[in-house]
Amino acid sequence: MHRLIFVYTLICANFCSCRDTSATPQSASIKALRNANLRRDESNHLTDLYRRDETIQVKGNGYVQSPRFPNSYPRNLLLTWRLHSQENTRIQLVFDNQFGLEEAENDICRYDFVEVEDISETSTIIRGRWCGHKEVPPRIKSRTNQIKITFKSDDYFVAKPGFKIYYSLLEDFQPAAASETNWESVTSSISGVSYNSPSVTDPTLIADALDKKIAEFDTVEDLLKYFNPESWQEDLENMYLDTPRYRGRSYHDRKSKVDLDRLNDDAKRYSCTPRNYSVNIREELKLANVVFFPRCLLVQRCGGNCGCGTVNWRSCTCNSGKTVKKYHEVLQFEPGHIKRRGRAKTMALVDIQLDHHERCDCICSSRPPR
């Protein structure tokens, strides 16, 4: 096994992010790769995981791609591109039609994959993870002015051509128009190079809208009627067919049908409910000059969430709908009264009152969150 200096021209051509002169990288220059010492095997593949994180200020058009695109990419890579644009702008990503990574295992991209994440100050949303050769990933529009692209390859199989992602700046910062739900061919130009990509609806946005719609239904029958008014009964019967297509992993040898309506009702009924909660008595009563035994007691307090019980669940919180005070007998001790002239420390069994929540309600804001 030899330890060689990793030649600049090899990686500079392979680990690529190309942009026009207005898109400026903020990370260290790629020339720093001249001094990277990496082990190689006899097949000229990297044997140590190579990591690189690059930040790109998006002011125009450009692209990032897997090393050696459109040829086979190296093994053991973990490459990250963080794309930033000005406030009140968004970033659009379009995959080149030449796309191919190592195939998925059981429909899960475990080994080699490219992943896109939406980044905001409060959350990170995975827009998708792709591998294999079956289809080109859809066009993606960031929800904020930041988006992250990650490419990972393991130390086994590789594939070609890899991937190439064109990025561009969107200054409209408006919700996607209804016309963008149509399938059409979009041709753009970057530095004189044209590319074609299908214009498809962002699957994340479709799923969000569908999830909000599903929250309106309480039974499987109502849900299927909404999707297929003419054939919902047939769909309902087919759902429980004893075939691998309809049999879930939790089926095993169960003879009865799963009661989806009951599961849905349980989630709504018991997500926001009173439950055991341990409270510190001194903190609960706001008493600093006494101590108690036991120090803590169990009370019933509202807990859980309203995620599956309401339509606009992000604006809802689980709060007490009915609160009662209950007595508890505890041992109270006043540490300031120490033993003096035969007088014992002050200790006594006392009754204290603690709040218990008997009913919990989901309180929702009149305005859904942005």
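Glycine is treated like the rest: Cβ placed from N, Cα and C.
All protein chains shown were included, and the count of other CB atoms within 10 Å of the CB of CYS109 (disulfide bond) stands at 19. Residues or ranges marked as disulfide bond in Swiss-Prot: CYS109-CYS131 (among others).
CYS302 (disulfide bond) is surrounded by 22 other CB atoms, counting those within 10 A of its CB over all protein chains shown. Per Swiss-Prot, the feature disulfide bond maps to CYS302-CYS360 (among others); the stated evidence is sequence analysis.
In the three-state DSSP reading, CYS362 (disulfide bond) counts as strand. There are 21 other Cβ atoms within 10 Å of the Cβ belonging to CYS362 (disulfide bond). Feature annotation from Swiss-Prot assigns disulfide bond to CYS306-CYS362 (among others).
The average per-residue pLDDT of the prediction over the domain 'CUB' (52-170) is 90, rounded to a whole number. Per Swiss-Prot, the feature domain 'CUB' maps to 52-170; the stated evidence is sequence analysis.
ASN276 (N-linked glycosylation site): 9 other CB atoms within 10 A of its CB, across all protein chains. Taken from Swiss-Prot, the feature N-linked glycosylation site covers ASN276.
According to Swiss-Prot, the feature signal peptide maps to 1-18, an assignment based on sequence analysis.
A distance of 18 Å separates the Cα atom of CYS306 (disulfide bond) from that of ASN276 (N-linked glycosylation site). Ranked by Cα separation from CYS360 (disulfide bond), the recorded positions CYS109, CYS131, ASN276 are led by ASN276.
For CYS131 (disulfide bond), the same-chain residues that are 6 or more apart in sequence and have a Cβ closer than 8 Å to its Cβ are LEU101, GLU102, GLU103, ALA104, CYS109, TYR111, ASP112, PHE113, VAL114. For the pair formed by CYS362 (disulfide bond) and ASN276 (N-linked glycosylation site), distance between Cα atoms is given as 18 Å, rounded to the nearest Å. Look at CYS302 (disulfide bond): DSSP puts it in a strand. ASN276 (N-linked glycosylation site) and CYS302 (disulfide bond) have their C-alpha atoms 9 Å apart, to the nearest angstrom. Helix, strand and coil content of the domain 'CUB' (52-170), in residues and according to DSSP, is 0 helix, 59 strand, 60 coil.
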